[in-house]
Structures are given as structure tokens and as C-alpha cells.
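Listed features, source TrEMBL:
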- 1-16: compositional bias 'Polar residues' (COMPBIAS)
- 1-84: region 'Disordered' (REGION)
- 53-63: compositional bias 'Low complexity' (COMPBIAS)
- 64-75: compositional bias 'Acidic residues' (COMPBIAS)
- 93-195: domain 'RNA-binding protein Tab2-like N-terminal' (DOMAIN)
- 213-292: domain 'RNA-binding protein Tab2/Atab2 C-terminal' (DOMAIN)
Amino acid sequence: MATLSFNSTRIKSPSRQSHKPFSKSHFSTKPNNVPFLFPSKTHPQLHHFKPNSISESSVSVPEEAFDDAEEDDPTSELSYLDSETDPSSVTEWELDFCSRPILDIRGKKIWELVVCDSSLSLQYTKYFPNNVINSVTLKDAMETISEDLGVPLPEKVRFFRSQMQTIITKSCKELGIKPVPSKRCLSLLLWLEERYETIYMRHPGFQKGSKPFLALDNPFPMELPENLFGEKWAFVQLPFSAIREEISSLDERFVFGAGLDLDLLGIEVDDNTLIPGLAVASSRAKPLAGSLDEWIGSVFSRG
């Protein structure tokens, strides 16, 4: 049997993120001071951090002191890299660059760049006014993330919004990064859902009743390309233990495909649970696997 219970420990609220032990070269949370972005009645407040230059055993600070006084300012920005993470290991980013249900002092929608990796070891947010939204702005922002956090530019950037394909693709290609339109941005999507509740709804410019900003594309069904047809196919079932073995070998064997982070979703599946699927026999197995991998993960998929 499989059970589903969201694993909230993997998605940390911004207020908790800011209070983790940090290296100043790898972490900064800075309030946005651009005057036209936010109503003047709300003034960003600086955060107070637990220092990591002194061991926690030598200085004891009650947790309540941080819980009560340090609720995150929704107009602040986040720039964070886990101090235990090897910067060179962060080779793939998940990115969202889109308007938010928030108005600035001019009555215009605020845009936000949100970037993370699949493990949420890297987390970055930055607000932008709507009159600077272009590929140059995004390119400069990605370079800033790399410089500020001391991480190399990623090999791939995954994004799920088809309407931002042109800007994101152009920015990535100018930096030598492979842009990947994909629905496999699980950590990013869960983080954005959490930010909607804890950040956007608390923002002084929040628009009540605005349309859901996480609506994924769902295009009409279209005819499959010829290279997705096999000579034979059949509905099959495999025990979860066998599927888990295949998933664990994806990186080792450099085959097409990607696994779903069940731990992040809080999903527990018994090893003997039978998982249904579709087996396709083809003389062009590799091209078929590659096309399926791109098709299933793409934000422009037909299912």
C-alpha cells in the first residue's frame, strides 16, 4: 500500500531559513529598498541572525527570542546556500521568473525571480519592477546568484512556465546553460506554494482574489510524433522494489529518465506494491526513450 503525507521538513519557511547557522559569504537576507516597489506605509525591517562565528555551546540563545521577533518581512529578498553543501555539486537549478499577485506603489504588478535546486540547498529570491523584464535582466541576475553565493553557473535550468520560454531560453544560452522546459520542478513548485501562504499573502500590495499563479499549462491533445510509436506495446506491472532499483541506476548508467522525490512528497510505498506502466518494444529504443523523457517532462507535453 502507498500512503501520502506531505513532508514539510524538506520545505523550510523563509523565517526558519534566515535563522539557520550560516556563512556570511554564502547567506544574506536583505530588505528591498527600491521605493517604487512597495507602499511607503510599510518599511522593510532588518533581520537578526544567529551568528555562526561562536559555537552554540558557548552562547545559549533561547529559540523563542528569534521566533517572536523575527517573522520575515514579506518585502525582503533571500540569498542562501547551505553551508554544508559543496558549491560545485549544484549543477541544476529550478527557476521561476514571473509576475506575482502583488502591486507596487505605482499600481503595477511586481515580478519575482525564484531559484532553487532540487534539494533546496540553494534558495534565491529577488523582486523586479515590471518595466525591466527582459533576457538581459534575467541573465544579469543569474550571474549575480553565481557570484554572491560562490556557486558555478548550472549546467541546466528547469522552468515550468511556457510563457517565459523566450526570455529564459535566451538568457540561458547566452550563459552557456541548457534551458529545460519541464514539469519536473517539484521543489520549486512546493516552495512557491509555501511562499504564497507565508510571503505573498502578507505583502502590503497583495491582490485578493487574483488568479492562481501556479496554473500549469494543459494544452489540447495532439497526435504523437512518429518516433514515439513502437512495434509492440503492453500494459505491465512491476513491484516497487524493482522500480526503485531502476531509478537508482539512472545516474550510474547515464540512461534517459528521472525519478520522483517521494521523500519530499512524504509518499511511502511498500516494496511489494505493484506499479502499473506501459512497456514499448522498438528497434529504435534509445531515440524512443529520449523522446519520451523529453515529452513526459516537458511543460509542453500533451497529457
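Just so it is clear, glycine is given a Cβ too, placed from its N, Cα and C backbone atoms.
What you are looking at is a predicted structure, and each value in this text was computed from that prediction instead of being measured.
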Just to confirm my parser: what is the rounded mean pLDDT across the domain 'RNA-binding protein Tab2-like N-terminal' (93-195)? 95
Per-state residue totals over the domain 'RNA-binding protein Tab2-like N-terminal' (93-195) - DSSP helix, strand, coil: 41 helix, 34 strand, 28 coil
